[in-house]
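TrEMBL annotations:
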TRANSMEM  20-49  transmembrane segment
DOMAIN    36-314  domain 'G-protein coupled receptors family 1 profile'
TRANSMEM  61-82  transmembrane segment
TRANSMEM  102-124  transmembrane segment
TRANSMEM  145-166  transmembrane segment
TRANSMEM  214-233  transmembrane segment
TRANSMEM  262-284  transmembrane segment
TRANSMEM  296-316  transmembrane segment
Amino acid sequence: MEVNVTAPLAMKGPWSLLSAIPLVCYVALVLLGILGNAGVIGVVGESILRPQKGRRISDMILVNMAFSNLMVSMVRNLLLMLTDLGLEMVPSKTWCQILMGIWVWLRCANVWSTFFVSVFHFQTLRRVAPPTTSLSGSQGLPRSLLMGFGGIWTFSLIYSLPAFVYSTKGATNATETLMLVSSTTRPLLGCLWDFPSTSSGLVFATTSMVIHEIVPIVLMSGTNLSSLFILYTHGNKRHLTHKGQGTPAKHRVPAERRAAKVILALIVLFMSSWGASVVSVNYFNYNRGPSSTYMLVIARFSNSAFIAVSPVILAVGHRRLRVVIRYVLTCKH
C-alpha cells in the first residue's frame, strides 16, 4: 500500500465546505473511541484476570464489546482520520481485499457483540428476579460464554469471506452504490466491490443488511424491552419474598435496574448511529443535491459516534470504571 504525505491538514471532500472545525471534532471523536475502549479493556479486563471467587461474566462481555469497538476504530476510523489529516493512502488490489475483508469481519462482530450485552442482561434478570433462583451461576457458564464469543467471531469471519475475494482497487463499479446501502459493507479508502454480477452484489448487500443490521437491532430492542418489563414486574418489594431477611434478589434488583438503563442507552445510541449513517449515505447515493456533501459528513460522524461514546456510557454504569476515573482525576488535582 502506497502512502504519500500531502499538505498539512489538507481539506478535502466534505470537510472543505465546513472549515476545520468538523475535522477537529472528528479527530477528537476517533481518539476518544480508541482511548476510551482501550481504557475499558484495561480496567475491566484487569478485574477479570485477578484471582477471585468467581469471574464477572458481564465484565467479560463488556470487554468483548470494547475490543470489537477498538478494532473497528483502529482498522477503519483511524485510517480515515489519517487520510483527512493529509496522509494519502493508495491501497493496491490486494490491500483493498485485506482491508475490506477485515472491515466487514470486525463490523459484523461488533454488531453481534453489542447484542450479546443485551441478551446476557436479559438472561441474568430471568435468573435474578425470581427469589428461588441461585445467583451464583453454574461452572459451565463461562465455557458457554466462550463458545458464544467464538461463534460470533467465527460466523462473522465466514460471512466476510466474499469481501476478501470480491474487492478491488478503486475503479468504475456498477455495484458500488448498491453496496453503500448497508453500513456493514460500506467501502473505504477508494476500495470498491467487484462482484461478478449486479444480482450477486444485491444478494450480498441485502443479506448483510438483514442478518447483520436489522435482525440484531430488532433482537437487542426486544431483549432490552423484556428486561425493562421484568424489572418493572419484580421491582417492588411486595414481589420479593423474605424481604425482611435481606435476600440477594432484593439487593440485586436496583443494581440490575441501573444496568438496564445503561444498556438501553447503548442500544439507543447504536440504533441512532446506524440509522443516521444509512440515511445519510443513501441520500448521497440517490439524491446528489446541494446537501449531499453535508450528509457524508453526518455519515462519517455517525459511524464513529457509538464507538466513541459507548465507553462514556459504560463508565456511568460500571462501578470499577467510576472508581478508576475518580482516582485519575484526584491524582491530577
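One-based numbering along the chain as shown.
Cβ atoms are placed via backbone N, Cα and C, with glycine included.
Each of 102-124, 145-166, 214-233, 262-284, 296-316 was scored by its Cβ pairs under 8 Å to the transmembrane segment (20-49), and the highest score goes to 296-316. In this chain, the transmembrane segment (262-284) lies close to the transmembrane segment (102-124): three or more C-beta pairs between them fall below 8 angstroms, excluding pairs fewer than 6 positions apart. With a cut-off of 8 Å on Cβ pairs spaced 6 or more residues apart, the transmembrane segment (296-316) and the transmembrane segment (61-82) reach 3 or more such pairs and are scored as touching. If one looks beyond the transmembrane segment (102-124) by at least 6 residues along the same chain, the residues whose Cβ comes under 8 Å of a Cβ in the stretch are 57-58, 61-62, 64-65, 67-69, 71-72, 75-76, 148, 152-153, 155-157, 159-160, 163, 183-185, 188, 208, 212-213, 216, 219-220, 223-224, 226-227, 230, 256, 259-260, 263, 266-267, 270. Within the model, the domain 'G-protein coupled receptors family 1 profile' (36-314) shows a mean pLDDT value of 76, rounded to a whole number.
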